[in-house]
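Worksheet: the structure to be examined is printed underneath.
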């Protein structure tokens, strides 16, 4: 498998530290608000990576953290009067619900910063003992001048605008220096004084706590992932701390997904063009949004448009219509050529768009073969297995097709539709075909189509 290693600025052959085992850390959200499309892009991109590695036979340990103590959360507390736990628990629950709707596999580890304070404090003590951290009136800071490898991950330099635009840095020795522990009497006890951890320190401590091989003094993990907006300074600062604390690299590979754009503008709250995943899920099934996110390469800047979302739904609908055709058939063996085609595309730095093109071709071919030979049980069994493979690797076409096609219909509406179908069944039994047709027309006006099967009528919501 080849992946793009941001720190190398090129595609490289992926070779895990321990053969057959892969450790991945994904920077998760700061939980002060609901998940937006950028969070979804990152989660889906590296969920795909995890699925592909598992399909290739690797045992994967996957961690995704929650930053649950941060200035933004404190601001939310001041605005709402709610406690830290009330705010963070609420948005963690919302985030997990949203990611579940996108078929993102639950991580093996979901550490929260506030649950790892002992590890964070111990880590800061190591940095202080190494002489690479210093104290000011407002906190403990990391001395970036002690790291000759600073900028090695991001490839930036001291002339970058991100550095130059800092006009004043108070008691810090250098504008690049960052806080490890922020003094604040309202928060947590530590040997340095009451306070709370700095963002850049939390992730390193959690990686060491949950993914590193501490028993054998092996700190390095295989892959550190996140959005490209985290590359500098966040990931640069993480890597720098690890080198200075343990004289070891934090991660062998660094992977980053691209920005989200909305109508060709970068999505951001300042531009008032960001939107929440929960709002998108009111209008489309979660798998549609996942499919749409997969149509663009994970490193590309993803440009959201309603038209492209609709196009993705139409492509996914075709997969579900095939699933409907083979409903009730026991899975056989997946076609090895098809499996190889999928994995070959995805092993090339997660080329999901190429993999989806292979899926499109499979669906087209399957429908043609079933049209020509609808009683071919062996082929139907192969189709079911291929569909299961698509679900396993790409995380789509997992839902029951009835549920998928009935998305967006309320329970109250479903009850009303079922009453009409029951009435229609009685009318047909009594050979009152005029009434049966009236009910079909009434349902059509509700944007509902019905199909008669040996087991009774089934219905679905049409595209509007």
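Indices start at 1 and increase along the chain as displayed.
From the backbone N, Cα and C atoms, a Cβ is placed for every residue, glycine too.
These numbers come from a predicted model, not from an experiment.
Taking Cβ-Cβ distances under 8 Å and a sequence separation of 6 or more, the neighbours of residue 203 (Zn(2+) binding site) in its chain are 25, 27, 65, 234, 238. The Zn(2+) binding site annotation in Swiss-Prot covers 27, 203, 234, 238, and the record cites sequence analysis as its basis.
According to Swiss-Prot, the ATP binding site annotation covers 269, on the basis of sequence analysis.
Per Swiss-Prot, motif ''HIGH' region' is recorded for 29-39. Same-chain residues lying 6+ beyond the ends of the motif ''HIGH' region' (29-39) with a Cβ under 8 Å from its Cβ atoms: 66-68, 70, 72-73, 75-76, 87-88, 91-92, 94-95, 98-99, 199, 227, 229, 259-260, 262, 267, 274-278, 280, 302, 304.
In the predicted model, the motif ''KMSKS' region' (266-270) has a mean pLDDT of 66. Taken from Swiss-Prot, the feature motif ''KMSKS' region' applies to 266-270.
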For the motif ''HIGH' region' (29-39), the DSSP residue counts stand at 3 helix, 2 strand, 6 coil
A correct count of other C-beta atoms within 10 Å of the C-beta of residue 234 (Zn(2+) binding site) gives 18
Counting every protein chain shown, other Cβ atoms within 10 Å of the Cβ of residue 27 (Zn(2+) binding site) number 22
Near Zn(2+): residues not in 27, 203, 234, 238 with Cβ within 8 Å of the site Cβ centroid are 199, 200, 202, 204, 224, 226, 230, 235, 237
